[in-house]
Amino acid sequence: MAVPFVEDWDLVQTLGEGAYGEVQLAVNRVTEEAVAVKIVDMKRAVDCPENIKKEICINKMLNHENVVKFYGHRREGNIQYLFLEYCSGGELFDRIEPDIGMPEPDAQRFFHQLMAGVVYLHGIGITHRDIKPENLLLDERDNLKISDFGLATVFRYNNRERLLNKMCGTLPYVAPELLKRREFHAEPVDVWSCGIVLTAMLAGELPWDQPSDSCQEYSDWKEKKTYLNPWKKIDSAPLALLHKILVENPSARITIPDIKKDRWYNKPLKKGAKRPRVTSGGVSESPSGFSKHIQSNLDFSPVNSASSEENVKYSSSQPEPRTGLSLWDTSPSYIDKLVQGISFSQPTCPDHMLLNSQLLGTPGSSQNPWQRLVKRMTRFFTKLDADKSYQCLKETCEKLGYQWKKSCMNQVTISTTDRRNNKLIFKVNLLEMDDKILVDFRLSKGDGLEFKRHFLKIKGKLIDIVSSQKIWLPAT
């Protein structure tokens, strides 16, 4: 059943987790409003309380249609709560088919929106430093939102730019200068990461483990061996743009204003491609009312801890630039006075909150929390009951060599290593819904594309028990 949070609010789904806490979906059972709650245990973040404070401070500065909106925060004892928009469309990586990618018009539209968000961030002097599909979320209209500012920093203040020296991010997405130089400019680093995201969208795979000469795939790229994967899967026009983005020398790397002049960037979408009505900011218009977006990835993933660059001090009480603060108040009653002051006990197993079919309801019902659950393609119905489904899943995962741990009732944690020998952890919930069992996989730690590869492998082994029934999702 749903876990009560505070008066009138229930926690109904774990959206993400990381070193210091998790993100939960909270739904108001009276108004049906949804909000993402990032719950940070400050006792687990004793080594970096300033990082949390800086993340809050940066979030307060943000107001853009391609950036997840921040409503506010409050602290209760050792727990810090950040309230953010909920993105019911899930994470971008879920739309990327491993080794295939996505239709080029979709990739172009998402790339346009990514550029709009990054232009906005750089315009107010902020660099994200961990752009990757796991940190790019989609709303109910499939509009892209940049999320997770745990590694973000201010690189320009009062028109004065400072060089950065902290090596942080996620290795396949980091720019080569992070691995080679003591200091570097902020903007080209984010541009490079956007190029890797575009590659993943078009080819369904990452080009290399890291951009260093010790990596054969990266050396092949520098030698222009585009007859190899992933480049041979990419059409010549977007590949020409990638040749300008993924340039080792940051001073020779294309800038965003020039990206916007690129031939492929301005190529009209193919006939028949899904092209929602857009506003001037590049975002589809959506009905008025409470937006539903989420900040999901909590994985602070430093590549290495270099000497501290953070000479600028941040305080959550320091004044921020005026960025339309009134827009934060997305009432009713300012998100119920930021979810009513908060005082509650954390559930021991928050994912168990989805196990009740009464909670999930049926498609079309007026009060239907299932409509609030994040969309995922990594789920399927089975033809069996819960016990038999669990047993088949367990036997299959053990045969495939996965580490298997029952977390709590109807939830298991599966661990393995991916093709890059990095840790990959995902949670599987068996959910009762309308007398059927939904097997729902969620990435907990690791690379999203690798997670999808493993999901498809497991599903393939279970094909005899997978129901042909389509997963019902909220209409968009």
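Placed from the backbone N, Cα and C atoms, the Cβ positions cover glycine too.
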S193, S467 - residue that Swiss-Prot labels as phosphoserine: S467
Swiss-Prot annotation, phosphoserine - which of S214, S219, S288, S317: S317
S468 (phosphoserine) CB neighbourhood, other CB atoms within 10 A: 7
In three-state DSSP terms, the structure that S467 (phosphoserine) belongs to: coil
Local confidence of the prediction over the region 'Interaction with CLSPN' (1-265), expressed as mean pLDDT: 94
